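Presented below is the structure to which this report refers.
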Ligand SMILES: Nc1ncnc2c1ncn2[C@@H]1O[C@H](COP(=O)(O)OP(=O)(O)O)[C@@H](O)[C@H]1O
Ligand SMILES: [Mg+2]
């Protein structure tokens, strides 16, 4: 190679590199998803016009967008009324205090109607609580079971049987058990919340459990040998060798669990009539007004988007916590 | 070699592995005495049972019959006084070089050293293997030779009575291997540690060892011959190439391996033959 050809191939290389990130490519990378979404909206628009239901034709994208606006407006109106209600009380209290400085005053909280946004927040809270409970059970249990072959053999049939059970089957049992056992005076959480949370945990802990066991089983023999040669005490062995080694698998399981938890929660809320997005969908279905279908579709889209965000959130957490960045993709 | 009282002793060790449809007899009646400060190599064809012997000394495997004594006490479990350098470094991939050594040092010197002393000791050992500059790198940021250096530093930092090495340089290129061999000789001379090393490289065995233990082929492998290496230390690989004693030792080992313990390997197919001819020593190829 002469000097000239080296320089030529070097500039070639630079040009190729630059081409990788050219504006055209960026547009193409963003462009295709946009094209996909537009095509979907168009097909939906066409198809919806041709499906007649007892509540009128299926709403198209425009109707759904309109309903989304309505739901947002409802929420803002409620917020406004709540603010006014509080302000009114404060004003009245101020007057009472002006007349009689020793008077006892209170502010009652506003109990307006439950809006779509409230239901979203309820569902988010419940799914997080259920998922957290599931992880708190599944990860330590998975580590214990994964470390002991006999325990694994003993527990495996139980896992295999309960893993595929649908949330709808758990729900009656959980409801009855919670009603019977959760009998504290002045409870911090409602029974409906506890029931939904426990159901979500029961259904979603299996992937985390199974993956944690697999992760612990696949700790390399070499690393276990090192631990043995060092005579690491049990807890140090778990904390310093087993846990870091299986963290990529644990995260894979937790991501699957969170996905299941979100799906299960919506179904459980629908069935049990406990507050949340599921109840919103069910209420609209029962309501049967001309706006209901559109509202249900808004809920469906929101449920999907929240599911996506939860998954991305887990991925972010995995990138943050796991040493093995190569497993934390998509 | 300072005293003749055996420091490490294998007495009539046999090893049987349970396999499908019976037992596989890997070792039969292995006897070996190693004195303090001695450097012993185990050499033999692949699959003859070298790793099994080493793992029995390490306590990672229990002999079916016979046993291993260290300073007169029977070895029943692994422990830090018998540090192992594994073939494929076995570093925790999520820890830096420093932290990998620290895991071992904290375990061994938890009570006898302050935190500051431990830090200095870790740094000292990493510098011993010329890894002082890369203490904060994780294994995936290090080359194969550097990882192996960290593995050696971790073992040395445990101040073991016996250093056990299972083909420590097997996966490295010739130049890196030569560097590490020189480092190891230097360190061993300084610390006068007892070393049992498995190798499949005849030159490496002769260069490093006080004695070469040659194993017969399995099943029921045992020690065939033991060859003392009467070469002055410090040894210099370039000067040794001309030394008659060195070449005599080399020939004895080669004769044992290729005449007395000939390994019947299937004929290489065409593709493999080309690879063997491309500058790699064919004899080593068969051994590996
Ligand atoms: N856990 C085991 N179960 C059954 N056979 C084994 C086991 N470990 C080793 N062996 C057999 O014992 C023999 C010696 O193995 P090894 O000590 O690893 O050989 P080397 O290190 O010399 O290559 C081999 O034939 C191997 O297949
Ligand atoms: Mg081996």
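Easy rule for this one: first residue shown is 1, then count along the chain.
Each residue, glycine too, has its Cβ placed from N, Cα and C.
TrEMBL annotations: computationally assigned, not manually curated.
TrEMBL lists transmembrane segment for one of the ranges A:273-291, A:292-310, namely A:292-310. TrEMBL tags one of the stretches A:190-210, A:211-231, A:232-252 as transmembrane segment, and that stretch is A:190-210.
From the options A:4-25, A:26-47, the stretch TrEMBL describes as transmembrane segment is A:26-47.
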